[in-house]
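*Asks:* Quick one: this structure, given as structure tokens, is what I'll be asking you about.
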Amino acid sequence: MCSSKAKVTVGIEATNINTAATMARINGRPVLQPTCNRVPSLVERRNSIKKVLSPPLLPGKVGSLTTPPVSPKSKSPRPPAVKRSSGGSDGNNGLNSSSEKIVIPRSSVTKAPSLERKKSKSFKEGSCVVEASLSYSSSLITDSPGSIAAVRREQMALQQAQRKMRIAHYGRSKSAKFERVVVPLPDPSSTTLPSKIIDEEKRCSFITPNSDPIYIAYHDEEWGVPVHDDKMLFELLVLSGAQVGSDWTSTLKKRQDFRAAFSEFDAEILANLTDKQMMSISSEYGIDISKVRGVVDNANRILEVKKDFGSFEKYIWGFVNNKPISTQYKFGHKIPVKTSKSESISKDMVRRGFRFVGPTVVHSFMQASGLTNDHLITCHRHLQCTLLAAARPYCGTP
């Protein structure tokens, strides 16, 4: 126990005994303490800083230590690490001594130039700075001998030279897409045009380069032309019914057989055919017997129509007021397979006893006989059929 008059020291008073340990007094009792536990005073800290900063600073040195080269990847230079030692003199060899911390002013350190990537793709000549690039220059690849680009460039130059030689020898060729053929208007008095002009003119879209010549001739000469002959009207009615389920090309190729089988479509002769004769026609020409019977029945109906109207032509053309219907179709898919007019004609003919005269067959018959002009407006036959219809006024006789 200590007396009340004795001084009680709470702090630690340290005195240097040797380099390894110090003598401190705790509550007036001397205690041996290691150097690492000693806390330097403020005066000692200031003296240590002044001692470090006293030698002159050189551009590449700090005190007596030389700064290592700065790495290009480092953002800012760091001070070199100081190797710790277990012992030392002058109180600077402690493990936790603050004198080991070296303070480096920012102004005394020179910042090393960092490498910067530039977007230039070529090297700068005549300068000591080489610009970094991520890829080689395209000019180096193009100009390098034996490269793919150089070979390709030589090939293109050779092709251009050959093309110029061909143009100089043969002349510059014109594209058929840009050629325009000026076709004069046809003469209303003539029903046909020279074949050379027809080949250059445009037809309806359903006429293709692969179309049969017989079908092309039918389109250019008969389809849409107004017909006023009873026998021809009867023939076109039979052909329109025969092409159902087939096509016009196949039907037109059998046209001569139909004429021979049905006595050139003379209604008076066909009306008197017997069953034996109809069977003979069917077997000889390969025509279905039902169609043969239908043609004979229609021949009898035409004779009845002639008694009522005077002719089959008057009866048919009376539905369109003796004037062809002129349509203005621009595209082939716009042409209908039947119309309200063909439906009304079909109903009346069925009421009179005609066979194979549905709305679709009647509309095809109207197109073939010229009751309606369904040529596209881009087709050269559209205007010709219109002029032919206007050139022949209706006179009341076939």
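Cβ atoms are placed via backbone N, Cα and C, with glycine included.
Caution: TrEMBL annotation is automatic and unverified by curators.
The following feature annotations were taken from TrEMBL:
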type	residues	note
REGION	53-122	region 'Disordered'
COMPBIAS	82-99	compositional bias 'Low complexity'
BINDING	CYS204, HIS219, HIS375, CYS379	Zn(2+) binding site
*Asks:* Just how many other Cβ atoms lie inside 10 Å of the Cβ on CYS204 (Zn(2+) binding site)?
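*Replies:* If we count other Cβ atoms within 10 Å of CYS204 (Zn(2+) binding site), we arrive at 20.
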*Asks:* Whose Cβ lies within 8 Å of the mean position of the Cβ atoms of CYS204, HIS219, HIS375, CYS379, the Zn(2+) site, other than those residues?
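*Replies:* Other same-chain residues with Cβ inside the cutoff are ARG203, PHE206, ILE207, TRP223, GLY224, LEU376, HIS380, ARG381, HIS382.
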*Asks:* Fewest other Cβ atoms within 10 Å: which of the binding-site residues HIS219, HIS375 wins that one? Let me know.
*Replies:* HIS219
*Asks:* Just jot down the residues in the same chain as CYS379 (Zn(2+) binding site), at least 6 apart in sequence, with C-beta under 8 A of its C-beta; none if empty.
*Replies:* LYS202, ARG203, CYS204
